[in-house]
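Worksheet for the structure shown next.
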Amino acid sequence: MEKKVKALSHLYVTVFLSGFASFIVVPAITDVTMFALCPGTDECSLAIYLSGFQQAVIGVGTALMMPLIGNLSDQYGRKSLLTLPMTLSTIPYAVLACSTTTNYFYAYYTLRTLTAMISEGSINCLALAYLADNISDTQRASAFGILAGISSGAFVFATLAARFLSAGSTFQVATFVSMLAVVYMRIFLEESIPDRNDGMTQPILKETEGVIQKDGDVDTRKMPVFKTIPSLKDIIRLIKSSPSFSQAAIVAFFQSLAEGGMICSIMYYLKARFHFNKNQFADLMLIAGIISTVSQLFIMPLLVSPIGDGRLLSIGLLVSCLNSILNSLAWSAWVPYAATALSIVMVFTTPSLRSIVSKQVGTTEQGKAQGCISGVTSLANIIAPLIFSPLTALFLSEEAPFHFPGFSILCIAITSMIAFIQSLTIGKTPSNSRDENCSNSMEV
């Protein structure tokens, strides 16, 4: 037990450092982008379209890479696979750490697009699989909530630091902390490889083995690594492995579609509507981060047992919808600040969803399952900017068919409502049926 606690503490530190490096640049990147592309203006359609295009391309890459990375981590361990995305994520920060001029911005834009195809979401995916390796089913929702709370804590400290740093200094700090995260992870984090000899679980996607028969003897040899890469058919089979998994995948898609739409819209909407700048973005994120951290670390673990992760998921989605409605109708600059108070409940969504998914598969398939859901969310991130970026640019321009600057945010609220309605069909999450069947067989 003590060994597991120590291993998880190193995982939490790794996630914190990595999250700090990625979050500290968020408040500054909008101003850097606007300065590089449309200096001296508060509205820039080119910036909105480029950000949306980047998000869509990254979504294509991650949709393809997440199931592969998750599957390979089941084979070769979580730590080994964490090294690649954490190292790649350092490169774009280093470019803007040198300069934030237009040429350097385009270099950053290109490198960020390429490296994020692998690094975007994979660190969180592998961290969740690492937790599932070391935490029992009944404690996973709380553990996932704590992990999300650690990420929110990193968000708070990063946003607070960004509030007092210049844009150039922000990217220098991000580069240093990102490199520190890689070094810390390689030195202190222990490897975690699922136990494939555990008779209590039966994988859905069996490893392909080559069988050679000689003189009545059977020689079983594992196929090369590329033969273990999950195909589209394997992913579909995994999603259909249980009704709860299929429903969770649908919820994940619409929830990520709404989240992706908010990411590519909200900052440009607030900048055009209320002339927000880097400091105001940082203040807004800081308030949301503090509320999220407290909620995930202290409130969610207390509510999981009496309420259940299914109901927490539905509550979080409903409140997310209300948050989007408030922002779309914002009549004053204080409304977005007030709406962030809803983060105390909104943050239940992702940990609850991941916990539901984790309970549907065996210990040897946690990487596949989390990678599969990450692939679904990446697919949503491809579609989101294609829908919401042009919609945001249109209704923030003078060519809007009617005056409603927050119309795209209202559409995001509708998307969250679809996810909420679908989440009601999940109901109570059952334990892994294969585990129960195997256990019953052993008892007989």
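The backbone N, Cα and C atoms fix where each Cβ goes, glycine too.
Annotated range for transmembrane segment in TrEMBL, selecting from 81-107, 108-134: 81-107. Using a Cβ-Cβ cut-off under 8 Å and counting only residues 6 or more beyond its ends in the same chain, the transmembrane segment (248-269) has close neighbours at 30, 43-44, 47-48, 51-52, 55, 59, 239, 276, 281, 313, 317, 320, 324, 327, 349-350, 353, 356-357, 360, 372-373, 376-381, 383-385, 387-389, 391-393, 396, 405-406, 408-409, 411-413, 415-416, 418-419, 422-423, 426. Between the transmembrane segment (312-331) and the stretches 144-165, 171-189, 337-357, 378-396, the greatest number of Cβ pairs separated by less than 8 Å involves 337-357.
Between the transmembrane segment (171-189) and the transmembrane segment (7-26), three or more CB pairs separated by 6 or more residues in sequence fall under 8 Å, so the two stretches touch.
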